[in-house]
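See structure below.
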């Protein structure tokens, strides 16, 4: 509900014929007040009409079908038996940082303080929180710069992302990886929401689709980002992360029954 108001009692709106002229004036004022409330209820608390929901171009089939790889991403992100979990998380997180940074750079000239006055994605505004926890609203390019600078600092810190043999990962390593992945998701969501047209114009939608699907499958596999954080892009995730359709089966005899295995594959974690 947009704002609260006191209900109008029947006593104040009685239209009995014995009312005097003051009652008629009072009734008119009540009706005007009701009309004002009803008009206001259709707007946001600040009195502005909510913007119409934009069409999500990135969900159109002609774009979602474009990929640069066609193999099973689930198999790609699974932890190999001989690899330490933290090593695997570190390697993949660093790779995603570099790839997302590169993808953003392709449209960075279109992401300016004028075109993107806030870091938005699907009617969500992201605020930056500094080391002291101070909340700051900033433009999208400022936010992305904060993200990339922070992640660059973390992944190049040998005490957090050790590169020397035998050096242990810090106890807080997984929580830092989760923080990085959450920020990287914000950048990916903004790319789709605000700059998909430019991405299509550059013929890079296949790269963006594949990068996004790979990232989502990875963070789901290791529970690195809260689903409440990524739910704003669930419509796209379910399309891009769905398993590839099975290859046409060879002709079989009329008595053979179709295998149910292709219908039991679960992709969402």
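A Cβ is built for glycine as well, from the same backbone N, Cα and C atoms used for every other residue.
Automated prediction, rather than curation, is the source of TrEMBL annotations.
Keep in mind that this is a model prediction, so the values were computed, not measured.
The Zn(2+) binding site annotation in TrEMBL covers 111, 116, 190, 195. Marked as compositional bias 'Low complexity' by TrEMBL: 252-262. The region 'Disordered' annotation in TrEMBL covers 1-25, 244-269.
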Environment of 111, 116, 190, 195, the listed Zn(2+) site - residues of the same chain whose CB lies within 8 A of the CB centroid: 107, 110, 115, 140, 141, 144, 191, 193, 194
Chain-internal residues, separated by at least six, CB under 8 A from residue 190 (Zn(2+) binding site): 111, 116, 119, 120, 121, 126, 140, 144
Nonlocal residues around residue 195 (Zn(2+) binding site), in sequence order (Cβ under 8 Å, 6 or more apart): 107, 110, 111
